[in-house]
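A short write-up of the structure that comes next.
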Number of protein chains: 2
Amino acid sequence: MISRSDCLARDAADTLAPLREQFDLPAGVIYLDGNSLGARPKAALTRATEVIAKEWGKDLITSWNSAGWFEMPKRLGDRLAPLVGAKPGEVVVTDTTSINLFKALAAALHAQSHTGRKVIVTERSNFPTDIYMAQGLTSWLDRGYQVKLVDSPEQLQTAINADTAVVMLTHVNYRTGYQHDMAATSALAHQHGALAVWDLAHSAGAVPLDLHADGADFAVGCTYKYLNGGPGSPAFIWVPERNQDKFSHPLSGWWGHANPFAMAPDFAPTKGIGRALCGTQPVTSLAMVECGLDVFAQTSMQAVRTKSLALTDLFIALVEQRCPNHPLGLVTPREHARRGSQVSFTHPYGYAVMQALIARGVIGDYREPEIMRFGFTPLYTSFADVWDAVEILKQILDDKAYDITAARGAVT
Amino acid sequence: MISRSDCLARDAADTLAPLREQFDLPAGVIYLDGNSLGARPKAALTRATEVIAKEWGKDLITSWNSAGWFEMPKRLGDRLAPLVGAKPGEVVVTDTTSINLFKALAAALHAQSHTGRKVIVTERSNFPTDIYMAQGLTSWLDRGYQVKLVDSPEQLQTAINADTAVVMLTHVNYRTGYQHDMAATSALAHQHGALAVWDLAHSAGAVPLDLHADGADFAVGCTYKYLNGGPGSPAFIWVPERNQDKFSHPLSGWWGHANPFAMAPDFAPTKGIGRALCGTQPVTSLAMVECGLDVFAQTSMQAVRTKSLALTDLFIALVEQRCPNHPLGLVTPREHARRGSQVSFTHPYGYAVMQALIARGVIGDYREPEIMRFGFTPLYTSFADVWDAVEILKQILDDKAYDITAARGAVT
């Protein structure tokens with residue numbers, strides 16, 4: 001049996017534990033929702049103040065050059081690159097995940113246009129905006145493209161075939177925490193002549209990634225979850241050097257032009273990753289992304305992953321040890337290789353139980369149907385946090401201290 | 001002859017003069033580049049600190065509801081609406097101007113798809129990203145669409161015809177400050193069966209707008225210029241209520257879904273202006289937009305316009321009075337109805353002269369070819385500023401105190 005003392009001992013031995021001091025976390029809260037909105041690096045307020053008071057307020061327009069605003073999407077992309085196995089000059093931080101996915105999908109279809117392949121394969125359980133963007137792109141192109149939805153990872157084996165133009169998957173599922181085998185699935189796509197587009201929303205900063213080795217063709221991701229960039233901070237897009245010359249997409253704005261200040265009337269894409277840019281970026285929100293990356297620079301994704309698996313293993317074990325007689329169903333894979341950095345349990349009153357947890361300071365979230373989702377971010381979550389969260393869950397369940405009549409609102 | 005005393009007297013009588021105190025402007029600077037990046041409302045730092053320290057840092061994920069983050073694009077849109085003659089529920093602040101123009105153009109082409117019209121008419125002198133986005137959209141649709149460029153506003157009379165699907169114009173030209181007659185041009189478009197899409201980047205907060213009365217069909221604009229929203233703050237898009245049901249575009253992300261948290265696998269657009277949304281917005285940059293709008297709420301666009309014309313009239317008069325023997329060419333129309341809130345002069349060494357002005361604290365900017373651009377923002381620019389700016393320009397020109405060998409860099 002695991003005890004709270006065991007958890008405290010593990011915290012004492014945890015080399016990542018000191019990083020928690022770099023985050024602002026409210027007292028009395030166990031925050032298990034960093035997979036939705038990462039906690040605030042303390043440095044973010046300092047950085048934002050510098051941008052607003054000095055760079056904007058004092059230096060005004062000159063900051064586009066003197067403060068490096070123009071170069072920030074590329075500079076931050078280069079800083080993010082090592083976390084996903086990308087090379088310098090392959091990532092930009094810009095726009096939203098949805099918009100970046102649109103660019104990547106469009107470029108992938110463009111690269112396949114000579115093949116006559118018409119099908120984008122993805123999962124019905126993918127985060128909906130990914131499916132919606134694929135639907136939006138293909139229905140507008142109106143050339144017989146289809147979005148084919150599979151109902152399980154296993155179905156990919158038969159769904160991917162000679163008609164497949166693109167396999168578009170979210171690497172770690174937002175509800176279940178299931179992690180695809182990127183190398184095997186990319187290889188499967190390539191074997192059938194398809195391209196592999198990966199959404200890393202729940203992977204970047206959560207699990208080690210090696211996009212080159214794992215055969216990804218394009219990827220996008222989010223900076224406001226595990227990367228702690230701040231609410232709605234701009235997303236990222238990865239285009240490997242080998243695919244940059246053929247990276248063509250319809251969102252051809254001036255930031256992607258070879259010479260934006262020549263003000264030429266015809267679009268000519270710049271060389272390199274810059275052609276994934278479109279318009280002017282929200283500088284203050286963008287600048288804060290660096291504060292999250294600064295924390296990652298003090299450790300390694302391997303260290304983060306080791307602790308992440310220890311935290312999620314512990315959470316699963318403690319829930320099963322301490323809440324054995326409650327109707328909780330583990331949704332997240334037990335197999336390490338198939339698990340992201342979250343644990344999801346179903347409960348018939350999952351929504352009400354999560355509301356009760358939040359009221360007692362354990363912040364997770366809820367996703368239809370019946371899924372309570374707990375995200376574990378090794379940079380600021382302790383083993384004692386896991387113990388305490390499970391203890392509160394146990395009390396709520398034992399006491400039936402949740403309101404089963406609670407109306408389901410917009411739980412994020 | 002106008003004297004500095006005259007300018008001081010006008011400042012003393014200026015009812016907008018007290019608003020300057022609400023902006024943080026560096027000492028020793030005359031800022032005539034608010035048409036590129038508006039100055040900082042002092043309140044912006046307070047607002048950002050609240051978002052970062054409290055809403056993000058303390059309230060974390062709950063702020064999507066409790067701090068109104070989800071509703072912010074619509075709420076700020078409603079606050080911006082009166083400045084452009086829009087109704088509540090017709091504007092959202094979101095994404096970039098380029099991306100919003102893509103949505104508006106796509107929706108306009110969609111609305112015209114049953115007509116067989118294939119031509120988008122715009123100006124060669126339009127801000128390039130507008131042309132590039134039209135080129136990106138039409139070349140991807142690959143259905144015979146064309147972007148037709150005219151070389152003068154007069155050519156619109158013949159260029160707009162029965163083949164025209166959309167007339168897409170920037171209301172006030174970024175280089176020249178020329179202001180189109182929105183009512184007449186929209187009417188011309190409609191007379192030929194075309195739709196009128198307006199880019200208000202250099203109009204919103206600069207000149208009074210009445211989108212409904214002037215017959216616009218869709219519009220987009222920028223919040224970081226005259227609206228003082230902060231560097232790269234999210235742009236806006238206007239879809240009049242009458243066009244919202246047919247507002248269909250390919251960037252169909254989850255924020256535009258009728259029920260985003262149902263996580264349904266098929267896109268179903270929400271009713272109303274929400275369907276112009278796509279993905280998660282950069283909250284900190286977005287929140288600061290409100291600080292600029294708060295200043296406008298203390299005056300009227302008519303008062304702003306009256307002072308704007310007085311400032312630009314004064315600048316033109318003083319340049320002509322005090323620099324008569326220099327090769328300066330007025331590019332901006334003298335006619336009030338055709339002038340935005342900027343004045344542009346050509347000079348054979350325009351780039352070098354502007355660099356010299358900036359070095360002496362007069363911040364304007366430069367646009368190819370040979371154009372020195374001076375923006376006048378009545379909320380924080382005084383009549384004495386205009387006098388002093390012209391005096392410094394006169395000294396630089398009289399003394400030839402500019403470096404004609406200066407390499408042209410990325411002047412913004």
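Just so you know, glycine gets a Cβ as well, placed from its N, Cα and C.
Keep in mind that TrEMBL annotations are predicted by a computer and have not been checked by a curator.
Quick caveat, the model's predicted, so the values are computed rather than measured.
Of the listed candidates (B:Thr158, B:Thr280, B:Thr284), TrEMBL assigns B:Thr280 to the same pyridoxal 5'-phosphate site as B:Thr97, B:Ser98, B:Phe127, B:Pro128, B:Thr129, B:Asp130, B:Thr170, B:Asp199, B:His202, B:Tyr224, B:Trp254. Each residue contributes its Cα atom, and for B:Lys225 (N6-(pyridoxal phosphate)lysine) and B:His202 (pyridoxal 5'-phosphate binding site) these two points are 7 Å apart. Counting other CB atoms no more than 10 Å from each candidate's CB, the binding-site residues B:Thr97, B:Thr129, B:Thr170 peak at B:Thr97. Candidate recorded positions B:Thr97, B:Thr129, B:Lys225 yield B:Thr97, B:Thr129 as lying near chain A, with Cβ-Cβ distance under 8 angstroms. Take the CB of B:Phe127 (pyridoxal 5'-phosphate binding site) and look out to 10 A: across all protein chains shown you find 21 other CB atoms. Under a cutoff of 8 A between CB atoms, and with a sequence separation of 6+ in the same chain, the neighbours of B:His202 (pyridoxal 5'-phosphate binding site) are B:Asn35, B:Thr170, B:His171, B:Val172, B:Asn173, B:Tyr174, B:Gly177, B:Cys222, B:Lys225, B:Tyr226, B:Gly340, B:Ser341, B:Gln342.
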